[in-house]
Amino acid sequence: MDRLKCPSFFKCREKEKVTASSENFHVGENDENTDRGNWSKKSDYLLSMVGYAVGLGNVWRFPYLTYTNGGGAFLIPYAIMLALAGLPLFFLECSLGQFASLGPVSVWRILPLFQGVGITMVLISIFVTIYYNVIIAYSLYYLFASFQSVLPWANCSSWADNNCSRSPIVTGCNVSTGAGEMFMNISWVNINNLTCLNGSEVFRPGQLPSEQYWDKVTLQRSSGMDETGVIVWYLALCLLLAWLIVGAALFKGIKSSGKVVYFTALFPYVVLLILLIRGATLEGASKGISYYIGAQSNFTKLKEAEVWKDAATQIFYSLSVAWGGLVALSSYNKFNNNCYSDAIVVCLTNCLTSVFAGFAIFSILGHMAHISEKEVSQVVKSGFDLAFIAYPEALAQLPGGPFWSILFFFMLLTLGLDSQFASIETITTTIQDLFPKAMKRMRVPITLGCCLVLFLLGLVCVTQAGIYWVHLIDHFCAGWGILIAAILEIAGIIWIYGGNRFIEDIEMMIGAKRWIFWLWWRACWFVITPILLSAILIWSLVKFHRPDYGDIPYPDWGVALGWCMIIFCIIWIPIMAIIKIVQAEGNIFQRIISCCRPASNWGPYLEKHRGERYKDMAEPAKETDHEIPTISGSRKPE
């Protein structure tokens, strides 16, 4: 060091620290990992995980899946999937990311042959992130529309047609005439100022104002996916605003998003509690709750493969297992964080929130069924409509409706945003692992660039056919791909890398445990979870049905596009496996065996945590941007 330029060694070190901090502002002074940074507080991490898990799906997906899959009967496969699949995979992913301090792609140094699984997870997250922000845009639109003295969907206005009514519409009835009793059209009856005979009325179902407002005003929904129509400009502006909010919250990575989630993760619980109390006082609420918890549940639904597939998918969708986000968020933990207790707390919080939100949903559905004289299962036909038909309709009936509407849709906004924060963090974490130097210098431009690209890709979802695109991506990418990634993830880590070896890695972080502690986890990881997921995947593929929305079938090209999306996500699994085998040395068998061993730089990120087991591992912190082929390619094993 040049003593003339820096006469004091300690002052130089302090100067270097300040300079590094200014260049790499996502790293704090108290972080043990000065390359990647750590969560400022344990509560930042826990709330981020809860916010990631508890999202829009707890409100607009879980209740929909519940009532279409047998009501309260659906809670049985849901609880089973949580215990046998969701929780074991959640704990596995949290442990994996925390142990290596790497994102969902680079963490596959543990098993180079399966690095494509990490790529699949990130790609699925990208697809879902595109349409997930569209749902947030819907919430923003309804939030702005609520700033009126009377909610626009409170009554049938100029945008409504003759079917708009909160009660069944009379089409005709029997009347007494000079010629005797005759059945006449209701228009003729009204023109002639006659009265219908009691009990002779014939009704046709009407559409609630909130339903017509959703279709005709908010979405300007076209007749099908073939009719794209124009971009709905106000939804496009709301989508842009949603992405600006996400970009602003993430410009410093976890250091900024970790503070925002204190509000976005906790505020929804306050509103849900208020809505549940208010919903329980509505007439007909008991009918909806009865349908939800058992009296009107259809237990014969448990024989259908789709129900069990939906239960598993909802666990992954809700707990965010196999999306890559759990690995990414956990990678910023300090090495000795108790990831076991974190997994239990987050999983239970998430699932109890889903059930809790279901009561608020079904109390309102029961009220809607009561006023429209329908069965609960007939009130709403599509899951996406629950949050934008059932809730708006209930809010329109409350005194001070605009206030409650603003509160509710602001809650939806916060529910969606913290989940979106983690999804984008998954993408930026992957970029950071692959391009560490560039990410340190250009975190803000890269983060905003990702948001801009995803906004442009999402514009197709705010056209007049946008809701069909949203449902298509959800139908294919949020189901099949997650199951495939989860099966390969647990099979690769437990069966190939070694379950007992992985348990030893976990014990390096949380301390040694007695054999009985690992008995349940071993049973799930080695046998139950992979077999269960494989059975559900096969059964679901056999029972596959074409997607539809609002009884409108999708065209052949739409279904083909859906398959292309999911194939594009999973095709990287065999592609990366082939690349790894080609890059390895020896004959074909030696190459495969080499790719099934951990890379030479697999292990704890910091040297002080490696102990005797990983004392000879390569130094991951020495990697630079020009070494990307080596990072993503296979390393020669020890």
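Using the three backbone atoms N, Cα and C, a Cβ is placed for every residue, glycine included.
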The residue that TrEMBL pairs with Cys164 in a disulfide, chosen from Cys156, Cys173, is Cys156
With the cut-off at Cβ under 8 Å and a gap of six or more residues from its ends, the chain residues touching the transmembrane segment (445-472) are 126, 129-131, 133-135, 137, 219-222, 224-232, 235-236, 239-240, 243-244, 246-247, 250-251, 253, 382, 384, 424, 427-428, 431, 438-439, 547, 549, 552, 554, 558, 561-562
Around the Cβ of Gly51 (Na(+) binding site), other Cβ atoms within 10 Å, all chains included, total 29
* Is the number of Cβ-Cβ pairs under 8 Å between the transmembrane segment (113-144) and the transmembrane segment (344-365) three or more, considering only pairs separated by 6 or more positions? -> no
For Cys156 (disulfide bond), the same-chain residues 6+ apart in sequence with C-beta under 8 angstroms from its C-beta are Cys164, Ser165, Pro209, Gln212
(message) Before we move on, state whether the transmembrane segment (344-365) and the transmembrane segment (560-582) share at least 3 Cβ pairs under 8 Å, counting only pairs 6 or more apart in sequence.
(response) no
Other than Gly51, Ala53, Val54, Asn58, Ser318, Asn350, Leu415, Asp418, Ser419, the chain contributes near Na(+) (Cβ within 8 Å of their centroid) the residues Val50, Tyr52, Gly55, Leu56, Gly57, Ala265, Ser320, Thr353
In all the protein chains shown, the tally of other Cβ atoms within 10 Å of the Cβ of Val54 (Na(+) binding site) is 27
Sequence-distant contacts of the transmembrane segment (403-424), meaning Cβ under 8 Å and at least 6 residues beyond its ends, amount to 47-49, 51-56, 58-59, 125, 128-129, 132-133, 135-136, 139-140, 142-143, 146-147, 151, 242, 245-246, 249-250, 257, 260-261, 263-265, 267-268, 271-272, 274-275, 278, 320, 323, 325, 328-329, 387, 391-392, 395-396, 447, 450-451
